[in-house]
Amino acid sequence: MSVFERVVRRGLFRIGRGDAEAAHEWTLRRLSALSERPVALAALRGRYAVAAPRTVFGVRFPNPVGLAAGMDKDGVALPAWPALGFGFVEVGTVTAHPQPGNPRPRLFRLPDSEAVINRMGFNNAGAAALAARLAALSRPLGVPLGISLGKSKVTALDDAVEDYRASYRALRGHGDYFAVNVSSPNTPGLRALQDREHLDALLATLVGEKPVLVKIAPDLTEPAIAELLEVCLARGAAGVIATNTTLSRDGLAPADRGRAGEAGGLSGRPLADRARQVVAFVHAETGGRLPIIGVGGIVDPDGAARMFDAGASLVQLYTGFIYRGPALPRAVARAAAGAALPASTG
Ligand SMILES: Cc1cc2nc3c(=O)[nH]c(=O)nc-3n(C[C@H](O)[C@H](O)[C@H](O)COP(=O)(O)O)c2cc1C
């Protein structure tokens, strides 16, 4: 392991000792500082970047391994992610109104399970601030940028469409694709937007110039997913991101069960099987017509391979990156470089 990997991993590992969120912020600050140093970025790129290009929903990805939403919500460390080997980056979730999120503590580490419980509640600086930051980037990112949109807490569910539309308007010039996040468990009522009527109205408004993907919860039943997919296909969604965090607490190691009562969404290794099942279901149900970004519990190249086998065209990492460190995206991308493409990449 290089010195750099040790430093980043040490920062990531401080999560759980003391304030997990403080550790996350420390890491982001370091990566943000790194983003200002072109020479260091180039050195990292030389070490970590992997070419395994594929085109999905009309967008060309240098490799199929992305950073999942929520890690860099406000896009403060953007140039660092491709330098670490990520083939795309999803920023956000952002909301039309800036908001502080839930009170701390709201992020909990479950190390024996390689899992995290979070109830962040879409803390973010708002869509306009992200648009300004993206406009000020001094050079192109070099990898596709996804932007995840959510509903502001102050906005009533009935006004959700207008809220998403406001964010989309502010940001549409900046994203290569947009993710409609209707699956976070941490904004009251948000998941109701996965229902046919709400989702139909949302997609009718947003689908147009840029690819729009729908991010779904792993806790939906198969009939509910099937209904959602009908809406996605009818409204021309570009794909599905499966999955967000789960409300289930299955699969925790004994030492972590004391944390199981924390409210919020569980991510990481215990989510892997369920996330993969959802990907397989979406793939089968749509006959491969809707490209899938598979996310949930990928902690090593084998886990990613299983996600691709289930029908994912691209994958994303979050919790695995916290526990396994910055060598993970490269390892996964290298393994993917040799893998066959699923039928739905066109
Ligand atoms: C601390 C934290 C914050 C997250 N924030 C978001 C978010 O803002 N938007 C979103 O769509 N997903 C968010 N997620 C979910 C991840 O993008 C991902 O779907 C989930 O964690 C499963 O992947 P993983 O097991 O690799 O972490 C968050 C996850 C974590 C752990």
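Even glycines carry a Cβ here, placed using N, Cα and C.
Within the same chain, the residues at least 6 positions away from S184 (active site, nucleophile) whose Cβ sits under 8 Å from its Cβ are T93, F122, G150, L190, R191, N244, T245, G265, listed in sequence order. Under the DSSP three-state reduction, S184 (active site, nucleophile) is assigned to coil, being neither helix nor strand. The annotation active site, nucleophile is assigned in TrEMBL to S184.
Residues or ranges marked as FMN binding site by TrEMBL: A69, G70, M71, D72, K73, T93, S148, N181, K215, T243, G268, G297, Y318, T319. N181 (substrate binding site) is surrounded by 28 other CB atoms, counting those within 10 A of its CB over all protein chains shown.
Mapped onto three states, the DSSP output places K73 (FMN binding site) in coil. As annotated by TrEMBL, substrate binding site applies to K73, N118, R119, M120, G121, F122, N181, N186, N244, T245.
According to TrEMBL, the domain 'Dihydroorotate dehydrogenase catalytic' annotation covers 55-333.
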Looking at the binding-site residues G121, G268, which one has the fewest other Cβ atoms within 10 Å of its own Cβ? G121
Top Cα neighbour of G268 (FMN binding site) in the set of binding-site residues R119, G121, N181: R119
According to DSSP, does K215 (FMN binding site) fall in a helix, a strand, or coil? strand
CB < 6 Å to ligand 1, subset of binding-site residues M71, R119, G121, seq order -> none
